[in-house]
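Asker: Have a look at this one before I ask anything.
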Amino acid sequence: MHELAMVRGIYNVINEQIKEHDVKRVLQIRVVVGALTGVEDTTMKLCFEMYVQRTPLKGAELVIKRVPVKVRCRVCGNEYETGIPFSDCTVCGNKKMQILSGSELYIESLEVE
Ligand SMILES: [Zn+2]
């Protein structure tokens, strides 16, 4: 499952931080997830809860911050938010665009004790 791989990745990063900084407990994990990653919030949270069940991260809250897909039209420079599949430029109707955001996936911050 896609989300499980993501959770595993996040877990590995945090686990190293915990060891390095002698953290007792992780209270909250804030992650930034772009719409292009295909990650679903509820699935991700479920995976996370299951995955950390027997780890020091048990009980930590996973907060997901969604980033919408934003593109820039290569013809007129118009910047707009779009769903998937991408919609044509809202100004000139062109299909050639550059992706500005939406593929993010990283840990924004950790709240620890
Ligand atoms: Zn355009």
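Any Cβ shown, glycine's included, is placed from N, Cα and C.
No curator has checked TrEMBL annotations; they are predicted automatically.
Grabbed the feature section from TrEMBL, which reads as follows:
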type	residues	note
BINDING	HIS2	Ni(2+) binding site
BINDING	CYS73, CYS76, CYS89, CYS92	Zn(2+) binding site
Asker: Around ligand 1, within a Cβ distance of under 6 Å, which of the binding-site residues HIS2, CYS73, CYS76, CYS89 show up?
Answerer: CYS73, CYS76, CYS89
Asker: What is the number of other Cβ atoms found within 10 Å of the Cβ of CYS73 (Zn(2+) binding site)?
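Answerer: Other Cβ atoms found within 10 Å: 20.
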